[in-house]
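According to TrEMBL, the protein has these features:
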type: BINDING; residues: GLY61, GLY62, LEU63, MET64, ARG83; note: substrate binding site
type: BINDING; residues: ASP84; note: Mg(2+) binding site
Amino acid sequence: MWSPLRQEGDRKLIGPAYTVKFVRNTQTNAPKLKEHYIDTIPKDHVVFISAPHGIFNAVYGGLMSTRAKYSGAVGTVVDGTFRDLQDHRKLDYPVFARNVGTPSFYEVARPSEVNVPVKLQDPALDVTINPGDIIFGDLNGVVCVPKEVLSKIVDILPGQVEADDNMARDIAQGKTFTAAKKEYR
């Protein structure tokens, strides 16, 4: 997934996931929301939108970012297509998505549920985003850390950063990658 600047700039987001599940309009038995999801976003959360695989219409746009930012959301991740890049840039609101497009979703899909587990819509991946999982996005992409393993990640991360820093220093001074890896990892 990409930021609106397509791997430029320093946009970042981090926070617990507030999930929004879209379904195809043909799924008439799927739940229907009582109110618009954009008006239910908790402060300091990352909106994670799951659009059905193969839907190329934009499920997220500038008006949604305007409301999300006002609500205190820290950013949005769209597992699908979004639009209105210039609006997101003007708002200085981070959005990451798989694709950019212009047609609206209304003819083909609709939001069905919020704050429920959602699967990434790439058939090759078996990844579930649960409400409250920690979403991190930056220039390199988006990562989801399951809330159950967050404390373990926080414990080991400083050691990994130190090892990488030491490896980078030694490689820059002429040590081979293999030797640096053997020493620090």
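Each residue's number is its place along the chain shown, starting with 1.
Glycine residues also receive a Cβ, built from the backbone N, Cα and C atoms like all the rest.
Automated prediction, rather than curation, is the source of TrEMBL annotations.
In this view, GLY61 (substrate binding site) is surrounded by 19 other Cβ atoms within 10 Å of its Cβ, with every protein chain counted.
It is 10 Å from the Cα atom of MET64 (substrate binding site) to that of the residue listed as 'Mg(2+) binding site'. The residues near the substrate site, meaning same-chain residues not in GLY61, GLY62, LEU63, MET64, ARG83 whose C-beta sits within 8 angstroms of the mean position of the site's C-beta atoms, are ALA58, TYR60, SER65, THR66, PHE82, ASP84, ASP87, HIS88, in sequence order. Highest local Cβ density among the binding-site residues LEU63, MET64 belongs to MET64, counted as other Cβ atoms within 10 Å over all protein chains shown. The Cβ of GLY62 (substrate binding site) lies under 8 Å from the Cβ of ARG83, ASP84, GLN86, ASP87, HIS88, LEU91, each on the same chain and at least six residues away in sequence. A simple way to gauge crowding: the CB of ARG83 (substrate binding site) has 22 other CB atoms within 10 angstroms, across all the protein chains here.
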